[in-house]
Amino acid sequence: MTKPFLRAWAKATRSKLPIAELSRQIVQHLAEFLRARGPRHILIYSAFGDEPDPGMLCEVYAATYYLPRTQGDRLSIHPLPCPLVQHPYGFLEPGEQAPTASPEVLEAVVVPGLCFDRAGYRLGYGKGYYDRFLGALPSSVLTVGFVPAALIVEHLPRDPWDVRVGYLATESGVQRTIQAN
């Protein structure tokens with residue numbers, strides 16, 4: 001299956017899911033997972049449309065949270081709270097004047113995706129922001145895909161620049177991804 005086909009399938013599948021309830025369940029499992037590991041600096045994302053929303057994590061797990069901002073072909077990170085503006089795609093992101101932070105402070109990253117495979121590879125919207133960002137992080141940073149179980153597939157097509165996450169958080173719990181082939 002091609003990436004364009006899988007993107008269309010994931011969007012259609014996601015549109016039929018009870019995303020608000022699934023997001024709440026995923027957040028509960030993710031908070032439990034994080035409590036066992038203790039990260040204090042966590043990058044989340046601002047959901048848009050019918051994306052699963054990790055925002056409630058801020059209410060149930062005490063940490064310093066950050067949001068990404070797209071700048072050219074890169075992501076910068078900004079501690080919350082900060083001024084937010086609407087991105088052209090419709091989601092909220094830190095404004096130009098928001099204070100920045102070094103990605104080196106991060107201990108965990110909650111990663112969005114249209115779908116993921118069991119090895120932790122993700123299918124996004126095709127711009128490569130997260131692949132570039134995750135590829136530059138130390139391996140000690142926890143990387144967790146935030147995804148309903150219905151959007152986990154056996155295998156995604158991969159490109160050499162694709163970066164996998166270490167864990168997948170779903171409404172059933174948080175599991176380590178399998179070793180990639």
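Just so you know, glycine gets a Cβ as well, placed from its N, Cα and C.
Over in TrEMBL, the protein carries these features:
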BINDING   Lys3, Pro4, Phe5, Leu6, Arg7, Arg122, Leu123, Gly124, Tyr125, Gly126, Lys127, Gly128, Tyr129, Tyr130  ATP binding site
BINDING   Glu51  substrate binding site
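On the structure: features taken from TrEMBL.
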| residue | record | DSSP class |
| --- | --- | --- |
| Lys3 | ATP binding site | helix |
| Glu51 | substrate binding site | coil |
| Leu123 | ATP binding site | strand |
| Tyr129 | ATP binding site | helix |
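Among the binding-site residues listed here, namely Lys3, Arg7, Lys127, Arg7 has its C-alpha nearest to that of Glu51 (substrate binding site).
Neighbour list (Phe5 (ATP binding site), Cβ cut-off 8 Å, at least 6 residues apart, same chain): empty.
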